[in-house]
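Chemist: Marked as domain 'MIP18 family-like' by TrEMBL: B:25-89. Residues or ranges marked as domain 'PaaD zinc beta ribbon' in TrEMBL: B:131-178.
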Amino acid sequence: MSHDNPYEALGGDGDARWAFGTGFTDPLAGVDTTAPAGVDGGDLAAYCLMLGDDALVMSHRLQEWCTRAPELEEEVALANIALDLLGQARLLLARAGQADGGGRSEDDLAFLRDAPDFRNVRLVEAANGDFARSMARLLVFAVWRLALLDRLAGSRDPVLAAVAAKGVKEVAYHRDYAAGWVVRLGDGTAYSRERMKEGLAAVWPLVAELFVPHEVELRLARAGVAVDPSQLRAEFDAVLDQVLDAARLTRPDAARPGEADAAQEGPADAAPAGAGGRDGRHGTELDEVLSVMQGVARALPGATW
Amino acid sequence: MVTRHEAGRAVAREAGRAVAREVAERVTDPELPLLTLADLGILRAVDTDGDGRVVVTVTPTYSGCPAMAAIRADLTASLRAAGFADVEVRTRLSPPWTTDWITEAGRRKLADAGIAPPGPAPARAAGPVPLTLDPPRRRVRCPRCGSAETEELSRFGATACKALWRCRACAEPFEHVKEI
């Protein structure tokens, strides 16, 4: 039903009028969400939470650039990327809620869990820092997630395969965007280059965790459902080097001792292998994200808007 | 053996399906109201059971497309207004939507509205998704003056499906539905 006057459209005819999203509670409506034969529902839910929380928290950090971006075009771009990731998160959290049999909705999972119940990698919760650091983080995230989703599109689970196949098209655009900025700043002025180097160094301690498989990932990878993240490192390195070469930058861990001092400005408590975000170990930065993201839902339980 | 009653129901069902399909196809996209859902190519199926029940299946354009809620509400409202008491809107995620599904009529309407329609979606070769560091080499014609002297300003625009471009001949900015 179309309306000539937007104010008319707000009145009268049913829900979903006051805001996009209201009244649309199930992004998987009508999708067959039966777990594939031989796959544990608890494992499947845990895996969907991992990938869903990565997208949700990364989306939130990108949304923080709204009204703060250096140019309007960048603000629009970052909001678009955040929206794509929020859509991926909605599908994955809805899937998680159905797979574990607990009946929690995507909103329950997004707004009513505490930090130790979040399963995102720590890369996504880190504070934005300046624009260069945000672009370094987005590049690392998008290169990694694209490699992951591209493989996940072949999953034996039809819902994960479909979410991934769509996500590949979206994250390919995100990766090109972040790569473009890393090259522009890295191969720009002496000052922009310095800031880009610092941004990359600040993010670098959080990279190793991306490739450490959790036991759930390994079990589901053996069942043909998930991707073992340790298999992604070669592609990640190849793509990242392609960008860094164009930006005339090197990886922080290839730098001379002392040159990566800026890393100290990054999260000082980077997770050791095997005890990271996938196990619910997070920094205080995730608490900051959740206090903002969950504030309204927690203050007004059950409210709709 | 088909009874007269069953045959009657089948005819009613066929007629109902045609009507429901027509109603669903005419619903417009809330963000690009010049396009119908048929133009956009997101309607996957419209089924009826002959008793006034309709099931419409749609494929979202982007994972986070905020218009999906309004599209579902508009489909339900339009079909109810057309006399279908029981309307269900289902999501189909696979295969993912591509701009190749936008119809010829849809492309004409976009161009008429000053929005450059998408070219063919890029074919994917085997192996990793290639990184694109250079500006696109494709020529997108300016929807105002027709010049091919155009350039991309930003790959992201006012809606998820559009990029921002500029014409170097007539100096006007324009939107382009980007290939996906």
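Backbone N, Cα and C define each Cβ position, glycine as well.
Locate each feature and note its surroundings.
Modeler: Residues in the domain 'MIP18 family-like' (B:25-89) partition by DSSP class (helix H, G, I; strand E, B; coil) as 21 helix, 18 strand, 26 coil.
Residue counts for the domain 'PaaD zinc beta ribbon' (B:131-178) under DSSP (helix as H, G, I; strand as E, B; rest coil) come to 0 helix, 16 strand, 32 coil.
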Chemist: Taking every residue in the domain 'PaaD zinc beta ribbon' (B:131-178), what is their average pLDDT?
Modeler: 91
